[in-house]
Amino acid sequence: MAKHLFTSESVSEGHPDKIADQISDAVLDAILEQDPKARVACETYVKTGMVLVGGEITTSAWVDIEEITRNTVREIGYVHSDMGFDANSCAVLSAIGKQSPDINQGVDRADPLEQGAGDQGLMFGYATNETDVLMPAPITYAHRLVQRQAEVRKNGTLPWLRPDAKSQVTFQYDDGKIVGIDAVVLSTQHSEEIDQKSLQEAVMEEIIKPILPAEWLTSATKFFINPTGRFVIGGPMGDCGLTGRKIIVDTYGGMARHGGGAFSGKDPSKVDRSAAYAARYVAKNIVAAGLADRCEIQVSYAIGVAEPTSIMVETFGTEKVPSEQLTLLVREFFDLRPYGLIQMLDLLHPIYKETAAYGHFGREHFPWEKTDKAQLLRDAAGLK
C-alpha cells in the first residue's frame, strides 16, 4: 500500500447516542456495585424532554433508575430548557424485565470456569504501534478533539459551547506510515449569541491546535469548523439517541473489523463486550511485546459453551514470528473462556460508565489496556 488517506470520527458525551450509552452504563455500574453477579442488558432511548430506559435485568440490587438518569444527564451538561433537554425536567420512563431463564441456564454453571457464553457471536480486538497507546491515530485524535471540547466547555474557557459535538480527522499515510493530516472536521453545538467567525477562531485556538501535533499540520491541511454555519439545536432535540449506535466510534474508528455487537449496558457475561475487551488485551500485548507491528484478533463463541469456537490472529505481514506460533501463544497465555476473561481483566466492578464516551480503548487505566503479558510473550517467542 503506497499513499492513501484514512478517516475516523468521534462524538462528544453530549451526542444523543452517547447520552444513551452513558445512562445504560451508569445503570450497569450502580447495579454491579451492589451485585457483581447481576445479569444486565440495559437499553436507553432519548428524545426531546424524554428518556426511556428498558431491557432485561436480573439482580438482587435495587437502584433508582430515575435518579441515575437525571444525574448522568446533569453531569453531561444538559441543565437548562434552552438546550432542548434538561436533566431537571425531562420525563424518565422505565420498562425493565428479567433475563430469560432459557439464556440463564446456558450461562450459569456450578463450576464458574465452565460458565457458558451469554450469546453466540464474533468479536475483534486490534492494536498498532502507530501511537503511544497502541491505537490507530485517526480515532485517537478524533476522541481527543471532542474530549477537549468538553473540557473547555465545562471549565468555562468557551462558555458558549453546548454539549453536542462531533469530530473527524483524515490522516495521510505513505507506505503505512503517517505523513500528515489532510482534513479536520469539528462541529460543535453553541449558544445563540456567538457568531460564526468568533466560534471558528476560538475552536481552532482552544480545541484543535492544543490537540493535533503541529508536525502533522501543513498549509494544505483543510479545516471544517461548523461548516453548516449554525449548530444551536442539538442533543436529543436535534436527533433521538439510542444505546449501541456508535460501535465504530467505540472501537477502532473503522481501522479494524467489528463483530457487530455493542458494549454499553451489558454486564461482562455478555461476550459482545467482555470478549471484545479481551481481544484488545491480547492484540495490545502482542504489539507491546514486539511480536508484530499491527495485530487483529478474532474470537467467537456459541451460546452456553465456555470454550471459544475459534481464535484467529492476523498481523498483516508485520509479524516477527510465524503466525501459527502466535496463535499457540494466545491459547497458552490468555484464558478466553467467559469466566476466565472476566477474572483475567477483573471485570465485575463498576468501571463501565467512563468507557461510554471517548472510546473503550486507548485509555491506559482500563484493565484491558495493561501490557503485563508482553514480556512473557516475548520470552516464550524466543525474541531477545
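Numbering starts at 1 and runs along the chain as it is shown here.
Note that Cβ sites are derived from N, Cα and C of the backbone, with glycine treated the same way.
Cross-referencing 66-76, 99-109, 363-373 with Swiss-Prot places the feature region 'Flexible loop' at 99-109. It is 28 Å from the Cα atom of Lys246 (ATP binding site) to that of Lys3 (N6-acetyllysine).
Nearest to Lys3 (N6-acetyllysine) in space, judged by Cα atoms and limited to the binding-site residues Glu56, Ala165, Asp239, Lys266, is Ala165. Taken residue by residue with DSSP, Glu43 (K(+) binding site) is part of a strand. The binding-site residues recorded for this entry are Asp17, Glu43, Glu56, Lys270, and the Cα of Asp17 lies nearest to that of Asp239 (ATP binding site). Neighbour count (other Cβ atoms within 10 Å of the Cβ, all protein chains): 25 for Lys246 (ATP binding site). Across the structure, Glu43 (K(+) binding site) and Lys266 (ATP binding site) place their CA atoms 9 angstrom apart. Taking the Cα of Ala165 (ATP binding site) as the reference point, the closest of the binding-site residues Asp17, Glu56, Lys270 is Asp17.
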